[in-house]
2 protein chains.
Amino acid sequence: MGRIHIKDIRGHIGQEVTLAGFVHTVRNQGNIVFLMLYDISGSVQVVITKDYLSIIKTAKNLSEESVVQVTGIAKTEAQSPGGIEIACRTLTILSAADPNTPIPVIGKQESEVELDKRLDWRWLDLRKPKNTLIFKVWTIMEQAFREYWIQNGYIEIHSPKFMSTPSETGAELFEVKYFDRKAYLAQSPQFYKQMAMAAGFEKVFEVGPVFRANPSFTSRHDTEFTGYDAEISFIESHQDVMTEEQNVIQYVLQKIKEKFGKEISMFYGRDLIVPSIPFPRVTMKQAKGILAKLNVPGEKDGDLSPGEERKLCEYIYEKQGHEFVFVTEYPVSARPFYHMRTEKDPTLTKSFDLLWNGLEITTGAQREHRYDILTLQAKEKGISLESIKFYLNFFKYGCPPHGGMGIGPSRMLMKIFNVSNVREVTYLYRGVKRLDP
Amino acid sequence: MGRIHIKDIRGHIGQEVTLAGFVHTVRNQGNIVFLMLYDISGSVQVVITKDYLSIIKTAKNLSEESVVQVTGIAKTEAQSPGGIEIACRTLTILSAADPNTPIPVIGKQESEVELDKRLDWRWLDLRKPKNTLIFKVWTIMEQAFREYWIQNGYIEIHSPKFMSTPSETGAELFEVKYFDRKAYLAQSPQFYKQMAMAAGFEKVFEVGPVFRANPSFTSRHDTEFTGYDAEISFIESHQDVMTEEQNVIQYVLQKIKEKFGKEISMFYGRDLIVPSIPFPRVTMKQAKGILAKLNVPGEKDGDLSPGEERKLCEYIYEKQGHEFVFVTEYPVSARPFYHMRTEKDPTLTKSFDLLWNGLEITTGAQREHRYDILTLQAKEKGISLESIKFYLNFFKYGCPPHGGMGIGPSRMLMKIFNVSNVREVTYLYRGVKRLDP
């Protein structure tokens, strides 16, 4: 249809242009009608004057949220929003909207609408440029991760989501009716990305959904979310994994800031900071020491509560001006059986979490790749060896030392936009009580 | 560890280098031992001479498939495979392999091993450079798709895999125990990518797993596979979707050929051809006419059997020298309710399949975005309106005309490598009888 985007009108002043998009508001002033037209790139005022009476008639009856195609002359106009307007010559309705929208969309009072109702009508909610921006940023964020990984020799895998056994802990697993038996949905690609190490792939990443039958209703949990996973071979320790992670995160945030820093600041008041390297690293023991000095009550032994995570980040930010901190060497009790233990203290693991402004966004570790030790560690945790036999086999016929991490992209987005609820940054949130739309 | 990749040794001739990888063969000649060392980038011969007796001793007892770190002097050596060898100075075993590997890996007789057994020990099977190549190509293929899409203004979405209702046909759905009720695994992101059109995203893509409870055992079906989906707004017809698809496929195959054309040819004997634009387009009616002339029996009315797809592609290749062909305007009976119908004949849809060398790799269409017509078409197909109410709602409050497609990346890989079984190009295949490893 020879259509151009609204953001490109400025290059066509004085010319006839064709636009298409949603009409978010119709202002009828009798002999003249103003439409606010939105497309993915921006918004512009369309003016229909009395020279086009039949169009005026159509426009007056046009329901807001309808989709139209407009041709008209692009003009600069000081009184218009953005300084540009379109003098309409043709108006075609591509899709007429039911005027009774269940939630307000743009330009109407929306502060009263509660989140749950917005999620019921998510596609109307997503029409707001502030919300669309989240997914534009997600697109660039994911592409930047991939660029970094692929430039650094990673291979992408798509591992299966169906598993035959309730592996790892067996907790929070979804069960699937699988022909004449049962299957389980993978809670992470952990085992399968380690399989790639045993296959000699050396460095892999995976992007895909992970499933957790978590019955909680917090603002940071969901039953299904996107995970970014990476695993690398021939490391010396978990320190190498952290170095790799800080590099990729710096690269990604640089890219996001370049492309969307201004809009993130405009819509969310968040000045995105590209973090310096290296990120601060503290052991769990050091972290607990800091928190004790600050008189922060600890909820769990050897792990950090959300409150502790916040306080620790505030402390690091105050002392070092850094939004990120790696917490390392979690005790064996707080980590899965496959985390490698430190040489100096067998009660500690070569593991880490990455916290960003008070929120855990990553868990990582060096993995135990020695078959005998791994088997012992599984037994110690009370795991049925039969249920993880396929996994233990990965380490029987040669497997490089390796480690990796899992990153939560929706948690990263919470911190990029400084929003407190994961539902806001999820395309379609899934929780205990929500499977629709 | 200051390690370099085997492919980079050539830049270090005369220097000491550190390598790490799998030892696929050990040749013990008494006073001298040869190891073939493999990493992700290639292979090299490591020579241990009698100057290093303790290393000779270690090497003689080394089980094949073990993972080692080697330091040594890089030398050119005419008699070595590849013309280079490493004069070993240190050898460290990082992971000793059980010598009784269940399937042969590299350099051993492997022609006798049946596919099913190879899949049981997939990580050993994937160590073969011929198999690893598939996933290197997948990585570049996916990145190329994304580059094209992102350069052209697409937004990436990650839509939920849990759905509340057995939508569309209800056939071949997996059922999940979801707390105190049931959920279903999405068979495609179809409805949710259309939701993005109603949200005004204009162009989206999604990469993710799709689930089909398909009880068949053919070489081209699985219960879970990766899907590439795209959807675009403000199209005139399905012809625009096909134009977009031929552009992205040309872009992707160009990238693959540049980077891996030589290796694909070497390992698979397939000379990858970058297709010219436009791809041939024939209507179903024309296709059936061609097949009738060729006396190919048609198995289904208004659809093509795998045999017909092969014969049609052979015909097009013979006549036009093109490996691809779009088949358009499938009858209503062969298509889902949401495909838009043609103006000239309401029994036909604005739909297409893309065939590549005899295999369907894509299904696409313009979608019906008009609420009333869509509702009628659903009724006509006997679909419960209650079960798709959430979907019909997407079209109530304004929705641009749009269309899209779903591409099967594993089917593309079958054609890139000219292999006949989808299991060969899947990281870990899932079928009726296979959930392991």
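Including glycine, each Cβ sits where the backbone N, Cα and C put it.
The L-aspartate binding site feature in TrEMBL is assigned to B:Glu168, B:Arg212, B:Thr363, B:Arg367. Secondary structure from DSSP puts B:Arg212 (L-aspartate binding site) in coil.
In three-state terms derived from DSSP, B:Arg411 (ATP binding site) belongs to a helical segment. Of all the Cβ atoms in the protein chains shown, 18 others lie within 10 Å of the Cβ of B:Arg411 (ATP binding site). The ATP binding site annotation in TrEMBL covers B:Glu360, B:Gly408, B:Pro409, B:Ser410, B:Arg411.
Per TrEMBL, domain 'Aminoacyl-transfer RNA synthetases class-II family profile' is recorded for B:135-437.
Secondary structure of the region 'Aspartate' (B:190-193), assigned with DSSP and counted as helix (H, G, I), strand (E, B) and coil, comes to 4 helix, 0 strand, 0 coil. The region 'Aspartate' feature in TrEMBL is assigned to B:190-193.
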For the recorded ATP site, enumerate neighbouring residues of the same chain (Cβ within 8 Å of the Cβ centroid of B:Glu360, B:Gly408, B:Pro409, B:Ser410, B:Arg411, site residues themselves excluded), in sequence order.
B:Arg220, B:Phe225, B:Leu359, B:Ile361, B:Thr362, B:Ile407, B:Met412, B:Leu413, B:Met414, B:Val422
Rank aside, I only need the closest one: which of the binding-site residues B:Arg212, B:Thr363, B:Arg367 has its C-alpha nearest to that of B:Gly408 (ATP binding site)?
B:Thr363
In whole Å, note down how far the CA of B:Arg367 (L-aspartate binding site) lies from the CA of B:Arg411 (ATP binding site).
24
C-alpha spacing of B:Arg367 (L-aspartate binding site) relative to B:Ser410 (ATP binding site), in angstrom:
25
Given the binding-site residues B:Thr363, B:Ser410, which one is most crowded in terms of C-beta atoms within 10 angstroms?
B:Ser410
Could you state, as a whole number of Å, the largest distance between Cα atoms of any two of B:Glu360, B:Gly408, B:Pro409, B:Ser410, B:Arg411, the listed ATP binders?
11
What is the Cβ neighbour count of B:Arg367 (L-aspartate binding site) at a 10 Å cut-off, with all protein chains included?
27
